[in-house]
């Protein structure tokens, strides 16, 4: 086998075995290894005793996770957390909830991937016998865990109040989920006022997350269906990771609701992972296929979002790149 074929084989093997790595990260997170190590339980023997396993098996797991720089150290000198493993801890701002939800519900959704791509039925529906949002509605604990998972991955939200002027303005966070975007804006701009809309059964996490702001009457939570109506007279309507879950007709209906409800000089702001039409990044197209597996959603190209806004009666004013393959697209009434 020549060098070219060896490189191709190595690349293929790395891709095919990628799931094994993610499963080991999931196991470490489910067992709480990062928290145990932070507390000083840092050897194979003590970790095994803490989780009810065997030192040799824990050693093999930790050896793999150290090799991929999730943790550092060894059983002789003790394991230690890295910036990556700190994200697995059960603390505010970690990725723990995201890793667990991805490693459970979303892992199951990808299992029937071949059947899903052949039939057009999302993998989640094939795995669970119902669509994603029906499952979340039927299982409140899963709904809560999903919102916490989404909260963990909202790395772009703290950029929004820096890029948009919220001084003395009112905004509507449509489908605001955990309330993390609303919280970021209100903490950054004391004169702003917010309304967060989501399904009635989904407001519990946001209520906890925004408790101090609710007490100060700077924000109100509204339960309802965004495809029926949205709160009126807002200056800014935020659609963060919403239209990726919606088909064309539903997206246009939502944009129409926002256009009808907003103040005269209002803006709609789409915050969405978009795909470059000319050079799609690996992560953006991976997220796109994941959206199909989860809920029959899709990530559009930036040009497709601009076109969608135009057909919804809006003219795009600016497009800003954000972290994690995300773009902010600001539009006014056309």
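A Cβ is built for glycine as well, from the same backbone N, Cα and C atoms used for every other residue.
The S-adenosyl-L-methionine binding site feature in Swiss-Prot is assigned to 198, 241.
Note on residue 198 (S-adenosyl-L-methionine binding site): other Cβ atoms within 10 Å of its Cβ, all shown chains, come to 23. The Cβ neighbour count for residue 241 (S-adenosyl-L-methionine binding site), using a 10 Å radius over every protein chain in view, is 21.
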